[in-house]
Amino acid sequence: MPKVKGGKRPRQQLQEGRRELTARSGFAAGILFNTGAGQHILKNPLVVNSIIEKAALRRTDVVLEVGPGTGNLTVKMLEKVKKVIACEIDPRLVGELQKRVQGTCLANKLEIKVGDVLKTDLPTCRKDCFRKPNYLFSNNFSL
C-alpha cells in the first residue's frame, strides 16, 4: 500500500493517539500537561534514580517537593525518607498522586499541600536543616 503524503490527521485520531501514548507511558489517561506553565513530567526511570542517588537522602530526612506532578520522583523519595511534603498547584495532579500512593505503606509518609507553594503555610525548619551541596530547585521557583 503506498504511503499517503500530506493531509492532516483528523482531531479525533490525534486525541486517540495521545490517549494511547499516555496509557503506554503509565500516566492517567486524559491529563494534558500545561508545558507553558512549566508542567513537565519526569518519566525516565534512569533520571529519577540518578536524582535520588545524588540527593543522598537519609531515612531521617523530611523532603519538601515543589510540583510533584504524577509522583514518579515522589514515590522513589518516599521509599528512602521519613516524610515528603509535596506542594502541587494543579488539583488534577494532586488526585493522580493520591491514587498512586493510596493503599500502600507509603501513603502515611506523604503530606500533600494543594496550592501555590509561595502562598502555602509550610512547616518551620531549623536553620541547620539544609544540607549542602544537595540542592534541587525548580527552574521557576524564586524567593
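Yeah, the Cβs are placed from backbone N, Cα and C, and that goes for glycine too.
Please treat TrEMBL annotations as automatic predictions, because they have not gone through curation.
A quick note: this is a predicted structure, and the numbers were derived from the prediction, not measured.
Here TrEMBL flags His40, Leu42, Gly67, Glu88, Asp116, Asn139 as S-adenosyl-L-methionine binding site. The Cβ of His40 (S-adenosyl-L-methionine binding site) has Phe33 as same-chain neighbours under 8 Å, each 6 or more residues away in sequence.
Summarising the annotation, TrEMBL assigns domain 'Ribosomal RNA adenine methylase transferase N-terminal' to 47-140. Taken as a whole, the domain 'Ribosomal RNA adenine methylase transferase N-terminal' (47-140) shows an average pLDDT of 84 in this prediction.
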Inset, instruction - Please determine which of the binding-site residues listed here (Glu88, Asp116) has the lowest count of neighbouring CB atoms within 10 Å. - result: Asp116
Legend entry - Cβ neighbour count within 10 Å of Leu42 (S-adenosyl-L-methionine binding site): 15
Legend entry - Cβ neighbour count (within 10 Å, all chains shown) around Gly67 (S-adenosyl-L-methionine binding site): 19
